[in-house]
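Have a look at the structure below before the remarks.
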Amino acid sequence: MSVVVRRSAAARRLWSWESFCQWITSTENRLYIGWFGVLMIPTLLAATFCFVIAFIAAPPVDVDGIREPVIGSLLGGNNLISAAVVPTSAAIALHFYPIWEAASLEEWLYNGGPYQLIVFHFLIGVWCYLGRQWELSYRLGMRPWIAVAFSAPAAAATAVLLVYPIGQGSFSEGLPLGIAGTFYFMLAFQAEHNILMHPASWLGVAGVFGGALLASLHGSLVISSLIRETSEEESQNAGYRFGQQEVTYNFLAGHYAFLGRLGIPSLGWRNSRSVHFWMAALPTLGIWAAAIGIGLMAFNLNGFNFNQSILDSQGRFIPTYADLLNRANLGIQAMHAPNAHHFPLLLAAKAD
């Protein structure tokens, strides 16, 4: 009798594990979880909770490592625009700095420990979300291009939050987690690396703007070439039935006939798949290029810098936009430099 009981208990445990696996990998759930979701959900929740608490009530952080803490929380006097989670202190550099590595919680907060906690958990969650997209596509029999497209913003987040601090030797150089902090990072990055003159930045701008142009063009042509299924008194939108197999707009009328007559007829699209491919490919390639550029400049492979101005045959200075850009970079570098505490000459003489 005892043998039968042990077998039934083992079978019950096996059934519960199998049911858990089926529930995790089921495509019938309202929200697909997947095995990547098992890791994604707790990491993103941890990053979100820590970010909200730090954004509201974090104490000042000695980000430059010179005993001049910077406060970024709302309770410290900031508003929603200026508030940010301040990066980990330069005194920590690239060391892994969990709570148990600090002597006290106050020390961990003073050195910007929450920034590392948020960044590491967030990046793990982002890449698990990418894996979850691939996993759901695989189980539904779809091709994996959704995950490939999402790899572009995932790579961009990894570049500014992890690769750039590693290349610069300190997490204090990472992106501050806030609105004004993001623009501060952009200005400091331009001053240090001249990203506006880097080919990867050019490719990124061309890809993102090209994708935006193509998306607005395609969307406007679709809305303008809807196939009417209703009377003149009713809206065309009322003729759509959810899940219908019939097409809802005339692709050739919009892209080939209308757009072809506005521009070059031979360049008018005849295939909707090619349009949607370029709508996905252009911004994906552009953001990939920008992420690669951040990775290159993290190790000081900077943009073009024309340090020597153009001179005419008589040696006279000819001003160009490159000179204006260099002057702007020098000005931003001066504002970005930490306070070195230069004492007045009188005090320095008395100290001697």
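Each residue, glycine too, has its Cβ placed from N, Cα and C.
Non-local neighbours of the transmembrane segment (32-49) in the same chain are 23-26, 117-119, 121-122, 124-125, 128-129, 131-132, 135-136; each lies 6+ residues outside the stretch with a CB under 8 Å from one of its CB atoms. The annotation transmembrane segment is assigned in Swiss-Prot to 32-49 (among others) on the grounds of sequence analysis.
Distant neighbours of the transmembrane segment (121-136): 27, 32, 34-37, 39-40, 43-44, 46-47, 50, 144, 146-147, 150-151, 154, 157-158, 161-162; these residues of the same chain sit at least 6 beyond its ends, with a Cβ under 8 Å from one of its Cβ atoms. Taken from Swiss-Prot, the feature transmembrane segment applies to 121-136 (among others), supported by sequence analysis.
DSSP gives Tyr129 (pheophytin a binding site) a helix state. Around Tyr129 (pheophytin a binding site), the same-chain residues six or more apart in sequence whose CB sits under 8 Å from its CB are Phe36, Met40, Leu44, Phe150, Ala154, listed in sequence order. Swiss-Prot lists Tyr129 with the feature pheophytin a binding site.
Sequence annotations record features per position, and here Swiss-Prot assigns transmembrane segment to 145-159 (among others). Counting residues 6+ beyond its ends, the transmembrane segment (145-159) has Cβ neighbours under 8 Å at 122-123, 126-127, 129-131, 133-134, 137, 280, 283-288, 290-291, 294-295, 298 in the same chain.
In sequence order, Met297, Asn300, Asn302, Gly303 constitute the residues six or more apart from His193 (site 'Stabilizes free radical intermediate') in its chain with CB-CB distances below 8 Å. Residues or ranges marked as site 'Stabilizes free radical intermediate' by Swiss-Prot on the basis of sequence analysis: His193.
The transmembrane segment annotation in Swiss-Prot covers 200-221 (among others), and the record cites sequence analysis as its basis. Within the same chain, residues 254-255, 258-259, 275-276, 278-279, 282-290, 292-294, 296, 303 sit at least 6 positions outside the transmembrane segment (200-221) and bring their C-beta atoms closer than 8 Å to a C-beta of that stretch.
Among the features that Swiss-Prot reports, quinone binding site is placed at His218, with the record citing sequence analysis. Around His218 (quinone binding site), taking its Cβ as the centre, 20 other Cβ atoms fall within 10 Å, counting all chains.
The transmembrane segment annotation in Swiss-Prot covers 278-292 (among others), and the record cites sequence analysis as its basis.
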